[in-house]
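Per TrEMBL, the features are:
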COMPBIAS  615-634  compositional bias 'Acidic residues'
DOMAIN    53-307  domain 'EML-like first beta-propeller'
DOMAIN    328-592  domain 'EML-like second beta-propeller'
DOMAIN    719-979  domain 'EML-like first beta-propeller'
DOMAIN    998-1264  domain 'EML-like second beta-propeller'
DOMAIN    1404-1655  domain 'EML-like first beta-propeller'
DOMAIN    1661-1899  domain 'EML-like second beta-propeller'
REGION    605-634  region 'Disordered'
REPEAT    250-265  repeat 'WD'
REPEAT    330-354  repeat 'WD'
REPEAT    896-926  repeat 'WD'
REPEAT    1231-1263  repeat 'WD'
């Protein structure tokens, strides 16, 4: 039987021929050591030209496509393609990985660049958004990421002269990026007039914001800032692919084959045309250039590298060649010389010297070449072509001997016979032709028989037979040279084959993996001398196996390097080398073969060799020599921790179910009970699937875990304390080196690791987001700063954390097989080991990744435990066979036999080790494992008298060992924790059931005892008094399911899983009697009350049997149930049985006969039941949860005083209800400690304790009962209930409106008006009838516009500057006005502008970087950050800007995922952290380190709107969020956010209201303002007091003054004598003082308050004068003299006021719909009124104030938008909602259609957005949103427009060309409603629709 291990020899990559030039650019550089670095296929190559040597970097697993050189020129970054591509930063000197950057990009990494310092690396992905990502590459951390462009990006570069600036370019764009915070903000380059918009291929940055870029047409574009300054035309004939900057200047290379050198100012120095040189050729294309000193490197499209010396530039050296683009298939080796021949689809055949590593000949053919062969004498070379022909050449001079074409399909294989007489040619036409060599290749035979194309052929040594493989997987034999098929297999038995390249046949069965029928192995070649075989496959792997390998799935060593499929592989003639060729990467790899005897010496050579050697994971399937796996380990590897429902899923499930149960929710629901329970003691310890999870703490307590609880056990007092932060099974535990903190990892969909303090039991940090399913192993580093964790996902991901910060430092896939242990090296925290099933790996950290090497151990053992020894490279591991392996670095030094059976746990001491194994022995060793110093056997005989229980068996399997305090702590698989004294005695401290579900639970009728029975086949009696021990245990034949004490407590009945039950003596546990009447499981068993005369036994067969206990006879059977019986109860008289079944049926039977009774519901409630453990019936209806579809209530138990019902369910909750539980979904208190299902709950006889048992977690938990009234307020740990009560927290119109606001995002904004018709820029112009001749004799046209009141010289306006803003956003924001500089300045916001108002000068200054409406604003109160402001905006992916209020400098921009907008921001106490809340449906809460732009933590906030979230003024970790029926108290632990709901139950009748504001007081007090005007006072998260009616309306805002702790509240209130909308309170909110605001409103509503020194500020704004009109006003116009003003209303009325007195002069209502525009004619005679009713009415003002209509314009196609009078008041132009502009006569109302006449009118004003003169104001992207308003300046030279995107734009007037050039000004929200020039063109005033603000812009005129 052939050996099935991998061969001992190996391969080492020696040379790679080729260079990747196609589809890549800028990928060739000189390193500092003057070596050349580039890449080919998946290998980074460092080529030393002087010594002609190559080094290889093999850290990638797919094609590399991008490369960047670090500024110090030693480190290289390379990026690859693939589904999950990563970037490696590696050292070009020792080719080792320094850092791995992963988990951001998809598809591939297109470009890379380092910044000037080399600290940051930028990468561009190949995904659809071309994501740009900036990395801190040493830490493997993303600093910023942003979508790059919609099209491909070709190059990216850092600006080396300005920090934090980048430039990227690509298809039809160039972008200039600035990095601020975590945001990359682009500005597009403006091509302007000096260049065409075109694709930019490469870049280089220079001083003074100058950027040079190479374009597709061969020009060089020079940019200054973001504007194109000039172009250097024709720099190259066509596209410029590469540009390289160095000290002397720039080098560029292009498709035209030229390299040009330029000086620093981009003046040309010289040209090198490579096409003209000796080695050049037509069509040479340069892809990469690098200029260093006097050397230039050039890489070409066709895989050559040239080196040019500048002063001798006509003679470039060709230093590397490879095949050009096209698949490479043909490979042959010379029979006697070290030569290899390759032929490719690039039509060239090349001969390579394997000794000189060089190309020695090449010849171009007519056709693509698919295969090659050399004749046995080495004279002829035959080539098979793609077109079905083959050619034979002479090797020495490449001249043609013969060219034959007999076939039409490609020739895929040809071979010469060993005697040199024949050539066999296999084609894709399913046949092989045989040609005679000496007969000048005459065809002598043909082999027909395949029904698919021929893939491989081999001759026999005597040249008598040929074997073929074809594409359908058949292997055929032919007799030669006739070609007759051989069918008799006997003839072939003794045939020896001259070569073996076939993939089919018994000798090579092992090359195929087990159970696979795939044909992805392309080529094989056998080395008969060394008995090895090498294969090449579609995954780029070269594998080395033993030959012959007869059984499938043989072991191998695998080598990476090729990227995708390897098409061919051959041994060289003397078996020194292996040559492989890649298809797509068209590269030739040469591997050195290192036979066995040499590979021993090679072990200590270069470190890189061992990287690629591997007993790879795929090949670990099964080795012939691995012993059978130990049963215990087998069991453990098969455990799955998947859950049907994870706790994380509950909120969503509840939401879904809530929808269904809206109706029931409206009903009044039963209150939660007043009493509570508190976990008191747990019997249990989890060891059946965990190891090393038991430790001493600093104070000598013992810490371990069981179920979902971390337990700290005090052995002196025999008490336990609990860490309850987990919500599912804990699987592992590690202790900090200082023994004060513990880390625990749990099961979960997104499972978390908690680090908690063993003293305070508070979480220090929670790590999550990386492990699926669960965390199975943890370890702290020796300095305690790092933590390593291993997940349960399929790849067993390993993550290294900085646990205090909660940051992931590195992560990597660990192994396909289960990992049992991870350990961090105590001496070098960057190194770690993992051990597990058939695996031992040594890892070191590299940036964001880990690099692992397999331990070198010959055969792979399963490792169960590992520790580091006394030096950094010594590692000791325990195997599953009982050996200890001793490692040095990655090499196994020796093994020592330590235990019989697996070694489960080991622990390193100062001078030695301690180990524990399955054999139940603890062994102490010296420090080299030379001798065993002492062993302790765990036996019952040595159990000390103070033990808290009994050992179940001798020598239990030991799973955990720990030392300390003079003792050895031992944990066993049976769930016992023992303390072994060094002198020998053993004390048992804690124990629980063993593996198997626990179901049976019974409490004693009058003693503090309880009994449990479990599937582990034991019955146990526990003492509940303070001694907490197991009193007795008895083994059963079978697992048990239920038990029950008799009423006198003397007997105990136990039901077993096989249908039998027994009654035992309750003291001695000896049998009294047993029965076996049923086949199925006994599910419940009960003694009748009183004397206990009868025993009812329920079984899974759906019967209840009734036995007479005295006579031991069955007296009755209850029949009629349809399903498995789950619960039983007797009534007080012992006459009636109540039964529940699994089908949710409830039955009643009479005892003892078992007759079925039907009892009406009303009667059932009157019956006095002896016990109540049923879960069905009207009196317990409320215990079923909202989500009862996914969870069962498994058990219930009513307390003896009948007040409280306890239940247990499948999700691990123990709940308490107030009994009786009528009505659905009652409120409850719930407690999590069990992990999965709670199988049973029982009260003790005096209701003092509640017992619960867990199914899967095997534990018995004892809960202390705390009756009502005695309880402390703070023990209210349980959250109240499933559905929040629907009783509403009050109503207020303002709050409702704010909650329902849909924020328009500007970029998505649509029309404000209901427009119809075709947009102006899309309308076709009708040609006018008489086109005027070019030289017109007609009168010159009059001016389009009357130019009034502007001085003599007209000057166009070139810019607008924001001068003043009237407005403040208060209707839906709060807390957004603050004092700065000791009250000298006020800061607030409106629209998208942040405003700082100086109170002394009344000057405003603006921050205008936001792209859309600002919704929230806060200032940093910490003195270190004066005047630092944060503002958050609306947007699909909004950003938060942190800026300096005085200088308006942006300090940081945080791009966040709060889709919709940011509605609240708050700084922490130290000012370093910023908290933000989103408007997304989840209302996410995020915490940022704003200076770095790093996200610290993020979590779903609440399902409904959160209004405010604020940090406590004294904390960086605590904050409070308030919103719609919601108050939550949050803590930041590491990177996790933990929250508690506010608890109301401490106050009678308190109900959760909608909370609107929050403030803080000393000693953890929190104040929240509600919608009803009350203020709630909270202590921690408990409600302690309500200040009723602090305001009469909602309390919108509160402000805590840090200096004196006084609190200001603001609300909605009618001003009265004693009350005002603004109040100032003392710290406890006891006394207050009210202020009145003189606003003239009927109701004051204060939205924001802030207190400075001695003054309080509220948010309201200033006007000159004000009139209340009583209706919403729509439009307004001044008369020409300025003495009257006309106002149009929404109800169709209009009024005229006198300006000076604001008295009404006249009013009229002729229309029912809103007035859209109203105008005085220039001569003050007429008033025109345009309305939505498609009409314009004219009124003559000279007739006096009764305003009779004199005429109107009809047949207007749509509503009126704008109107303008002509200068002589005789015409009016109207623009309408149908995008039509009409002209009418005044006052007759006749329409004028003649174009010539219209052209002659001079207009008094122009506000129309329609008309030929203004077509240019419509932008390209106005398909959804419109230009809404316009105004031409009084000088007639400019027009300003406003649009639905909120932009103000300035154009020249007239602008008849489409898409005219303009300047744009941002600031408003979406929808501008109007815009006007003021008198004299000094200012432009714009009005925003949604933001209710007026912006005043100062006009900047062009100088004369």
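Don't overthink the numbers, they just go from 1 along the chain as shown.
Glycine is treated like the rest: Cβ placed from N, Cα and C.
Cβ atoms under 8 Å from those of the repeat 'WD' (250-265) belong to residues 202, 204, 206, 212, 214, 218, 220, 235-244, 271-275, 280, 283-291, 296, 298, 308, 310 of the same chain, restricted to positions at least 6 beyond its ends. Remark: the domain 'EML-like first beta-propeller' (1404-1655) contacts the domain 'EML-like first beta-propeller' (53-307), by the rule of 3 or more CB pairs under 8 A.
DSSP labels the residues of the repeat 'WD' (250-265) in these numbers: 0 helix, 10 strand, 6 coil. In terms of DSSP secondary structure, the repeat 'WD' (330-354) contains 0 helix, 16 strand, 9 coil. DSSP assignment over the repeat 'WD' (896-926) gives 0 helix, 20 strand, 11 coil. Per-residue pLDDT, averaged across the domain 'EML-like first beta-propeller' (1404-1655), gives 77. Under DSSP, residues within the repeat 'WD' (1231-1263) fall into helix, strand and coil as 0 helix, 18 strand, 15 coil.
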